[in-house]
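Trainee: Below: one structure in structure tokens.
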Amino acid sequence: MSHPSLTEFDIIFAGGGSTACALAGRLAACDSSLKILILEAGEHTLDKPAHVQLYQYPFHTVPTSTTHTSHFGNPSPRLNGRALVVSCGRSVGGGSTINFGAYTRAPASDYDDWAVDGWESKNLIPLMKKLETYDVQPGRPTHGYTGPVKVSPGGHKLDICEEFVRVGMTYHKRPYSDDTDDLETCNTYSPWAKYLDGTTGRRSDAAHCYVYNQAQNPNLQVWVGKRVTRVIFKDKRAVGIEFTNDPVSCPDADQSLTTVKASKLVVVSAGAFGSPAILERSGIGAEAVLKRCGIKPLVSLPGVGENYMDHDVVLVPYLAADEVVTMDPLWRGEESATKDALAQWTSNSKSLIASNGIDAKIKWRPDGDELKAMGSAFQPRWNEFFQDRPDKCVAIFSLVAGYIGPLFGTLPPRNYMMAAYFTLYPVSAGSVHITMDENGKEALDFTTGFFDDPSDIVPLNFAYKKTREIYRRMPSYRGELAGAHPKFPEGSAAACGEASGPVDLHAPDIIYTAEDDAAIEKYHRDCVQSTWHSVRAAKMA
């Protein structure tokens, strides 16, 4: 098999995503004599327009894309028998090179809840500041201004997102803040910054910020198109990695196995799907899982592959006015619009090329009336987890200025906007394990766990109603894309369709019947998606 000639490094990273790039890059910058290897199944992303131009993120989700891997969950009765598809990054830099690029920080209580000495928010804020250059507002005490990762408002201010904020503040009766990522501000409408260099107009991802900027260091190597099969152990000490040419990136290459040695450290950094699989193939995991795959157990660690979690997101499409600016012409690939936007971006680093179409959000917490409207199913979760942590939001509501979704490329060429809402702290958990299929080949036994806890769907049901009321009051509102909304009973007051304009700001809310509520819940079970925020499946203790 053709591969680079070096056979030993000090440190090897199994997986070349966001974590690997940041860690490997920082280690190399600290000590350039360290021989560091990153093994990545996907391809290089250096200076490729598909990665550095933020507007192109929806194109990475199409079935023909090789920059992500789709994992199919087991059919779930909670999702009406649906097998949820969850994607993850598959290139140098991982998800940071293909995702929405939305700058979002957790509240301080998330870190303080760990109750681990040295890992409290007060100790982590200096590290958060160290990694970023916050080119949004100057002089903010929890933000950094000299770090490698650039944060900015983006290259084009979308008026339709401003509408969302103005109407939301008035109708939803919430205040405005210019920063809800300061680790404490919550329940206010705000701008949504981006992982984007405001000077160059390019995506700010882990590969370019930590690895590609050290191309002059021959001791920091990235081998692409390499699929890690397992960690090599001597007794119980990791001493190397076994890998092969990735069949997707290198379909015609030799698939025989090769090993490379690590004299100091092996870091398994292949994400919530890849890391558990590598560990289990290496003999680390639950004994029952290993034995059914014919793998000799090395370390019994039942937590490997368990406790998988994600954020539950729903994207609901609406029709937008012809005169408003959206991302739709670029996302449809309209030649004239794309050419003009590229010319401006090349000239001054601005335009929709440097946008993700998402300029505003609210980190939402329900008030007393909203909690009452949500019913009793969510109340215990609120009391136990949210009530005494005022910096924690239940969900994020936002607007996407354009259409992205399963009908992408098939809709009439007009303007759209989408209500995006997702929960931040779902209770439900799943699992990710290797297994053997009926042909004796390795497969993934993936259970998403979505909606296994009945409280998780409640905020989404409420969010549909609340965001719909906001959207139908926006000046750019021209109705709903009816086929992509809940199927309400005939004659329902909630029926969807085109409209000539918005309702009055003070118009009464839609009254939903029990049958309407059932339609909304069915819609969410049929349509809920992953946010690509997969976590927690590689517990090491």
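Here the Cβ of each residue, glycine as well, is placed from N, Cα and C on the backbone.
The shown structure was predicted, so the numbers you read here are calculated from the model rather than taken from an experiment.
When I checked TrEMBL for this same protein, it listed these features:
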| type | residues | note |
| --- | --- | --- |
| DOMAIN | 89-112 | domain 'Glucose-methanol-choline oxidoreductase N-terminal' |
| BINDING | Val228, Trp532, His533 | FAD binding site |
| DOMAIN | 271-285 | domain 'Glucose-methanol-choline oxidoreductase N-terminal' |
Trainee: Do any residues of this chain, six or more beyond the ends of the domain 'Glucose-methanol-choline oxidoreductase N-terminal' (271-285), have a C-beta under 8 angstroms from a C-beta of it, and if so which?
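Mentor: Residues 14-15, 17, 69, 71, 88-89, 94-95, 228-231, 233, 293, 295-302, 304-305, 308, 432-434, 442, 444, 446, 534-538.
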Trainee: May I ask for the residues of the chain that lie six or more residues beyond the domain 'Glucose-methanol-choline oxidoreductase N-terminal' (89-112) and have a Cβ under 8 Å from a Cβ within it?
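Mentor: For the domain 'Glucose-methanol-choline oxidoreductase N-terminal' (89-112), the far contacts come to 15-21, 38, 40-46, 51, 54, 57, 60, 66-69, 119-121, 124, 128, 151, 181-184, 186, 192-196, 203-208, 211, 222, 224, 248, 271, 356, 358, 389, 391-393, 396, 532.
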Trainee: For Val228 (FAD binding site), what residues in its own chain, 6 or more apart in sequence, show a Cβ-Cβ distance under 8 Å?
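Mentor: Listed in sequence order: Ala14, Gly15, Leu39, Ala41, Ile241, Glu242, Phe243, Ala270, Gly274, Ile278.
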Trainee: Going along the chain, which residues six or more apart from His533 (FAD binding site) have their CB under 8 A from its CB?
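Mentor: The answer is Asp310, His311.
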Trainee: What whole-number distance in angstrom separates the two most remote CA atoms of the FAD-binding residues Val228, Trp532, His533?
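Mentor: Maximum Cα-Cα distance: 22 Å.
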Trainee: As a quick check of your reading of DSSP, tell me how many residues in the domain 'Glucose-methanol-choline oxidoreductase N-terminal' (271-285) are helical, how many are strand and how many are coil.
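Mentor: Per DSSP, the residues of the domain 'Glucose-methanol-choline oxidoreductase N-terminal' (271-285) fall into 11 helix, 2 strand, 2 coil.
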Trainee: For Val228 (FAD binding site), name the DSSP secondary structure in the helix/strand/coil scheme.
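Mentor: Looking at the DSSP assignment, Val228 (FAD binding site) belongs to a strand.
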Trainee: Relative to the Cβ position of Trp532 (FAD binding site), how many further Cβ atoms are located within 10 Å?
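Mentor: There are 19 of them.
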